[in-house]
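Peer 1: Provided herewith is a single structure, encoded as structure tokens, for subsequent inquiry.
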């Protein structure tokens, strides 16, 4: 009995720690996006994202020292696919954040994870959740007569959501295929390589020393710590529970956008974000 009690306590403690990791990851992503706004505007979203990914890769390689020659083709394939998804998601997300408020970008991007949850729905009434999310997004971007946000920014947020959907499908698999954080290291290295042509094209190869210093700190905030926390959390808790926690991210993005950037939203947009959060919770809880 004592052993069973100890095991249950350990399991509960593991899930609680994983929940804290997930919440920490969400907070760091939104805070990192908000604090990056001045650099995005001065240096450009593509160049800034490229440097963040490059610094994150350098730091992770130095920490984990991956055994690249020992990996199987299956491991490499997973890391390459995940890295490509990371690059697309991150490049598009920061393009969106540079054009539309943080909370709106995060809510629209969240259609990606919601789509992943919707694929596994088995009952007809579960279709309510995607419909509810779409209504929420319409409230976010259109007032019935005109666009209320930059449609290009909204498009980038949707593209980021697609990358996020692929990321979710691959992250747990890659995390389990490698020891420690080696899978994350290789994936971020691939993401940095994919982002390099875009970053160089936007920056013209000219990188002010101040930007190099700033992007080291931004790289730690996003993507280094959030991705590491998410990978560790997914090893300790069910994907469904993880998804329920992550459903709060659009609301968190709205709060941080308001507090840090002063981005106030209209009542209709706040209602839209609420609908996306409710739809995400319903979709994941109904799996």
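Every residue gets a Cβ built from N, Cα and C, even glycine.
Pulled the feature table from TrEMBL, pasting it below:
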DOMAIN    153-282  domain 'EamA'
TRANSMEM  12-36  transmembrane segment
TRANSMEM  42-64  transmembrane segment
TRANSMEM  76-96  transmembrane segment
TRANSMEM  102-120  transmembrane segment
TRANSMEM  127-147  transmembrane segment
TRANSMEM  153-171  transmembrane segment
TRANSMEM  183-201  transmembrane segment
TRANSMEM  207-229  transmembrane segment
TRANSMEM  241-262  transmembrane segment
TRANSMEM  268-286  transmembrane segment
Peer 1: Please work out which recorded stretch in 102-120, 183-201, 241-262 has the most C-beta pairs separated by under 8 angstroms from the transmembrane segment (12-36)?
Peer 2: 241-262
Peer 1: Counting a contact as 3 or more Cβ pairs under 8 Å, with residues at least 6 apart in sequence, do the transmembrane segment (183-201) and the transmembrane segment (127-147) touch?
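Peer 2: The transmembrane segment (127-147) and the transmembrane segment (183-201): touching, no.
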Peer 1: Are there residues at least 6 beyond the ends of the transmembrane segment (76-96) whose Cβ is under 8 Å from a Cβ of it, and what are they?
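Peer 2: Distant contacts of the transmembrane segment (76-96): 33, 36, 40, 45-46, 48-49, 52-53, 105, 108-109, 153-154, 156-157, 159-160, 162-164, 166-167, 170-171, 173-174, 177-178, 183, 186-195, 198, 222-223, 227.
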Peer 1: In the domain 'EamA' (153-282), how many residues does DSSP assign to helix, to strand and to coil?
Peer 2: 112 helix, 0 strand, 18 coil
Peer 1: Within this structure, do the transmembrane segment (102-120) and the transmembrane segment (153-171) have 3 or more Cβ pairs under 8 angstroms, counting pairs 6 or more apart in sequence?
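Peer 2: Stretch pair touches.
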Peer 1: Would you say the transmembrane segment (207-229) and the transmembrane segment (268-286) are touching, if the rule is that at least three C-beta pairs must lie under 8 angstroms and be 6 or more residues apart?
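Peer 2: Since fewer than 3 Cβ pairs under 8 Å link them, the transmembrane segment (268-286) and the transmembrane segment (207-229) do not come into contact.
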Peer 1: May I ask which of the stretches 102-120, 127-147, 207-229, 241-262 has the most CB pairs under 8 A with the transmembrane segment (42-64)?
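Peer 2: Selected stretch: 207-229, with the most Cβ pairs under 8 Å.
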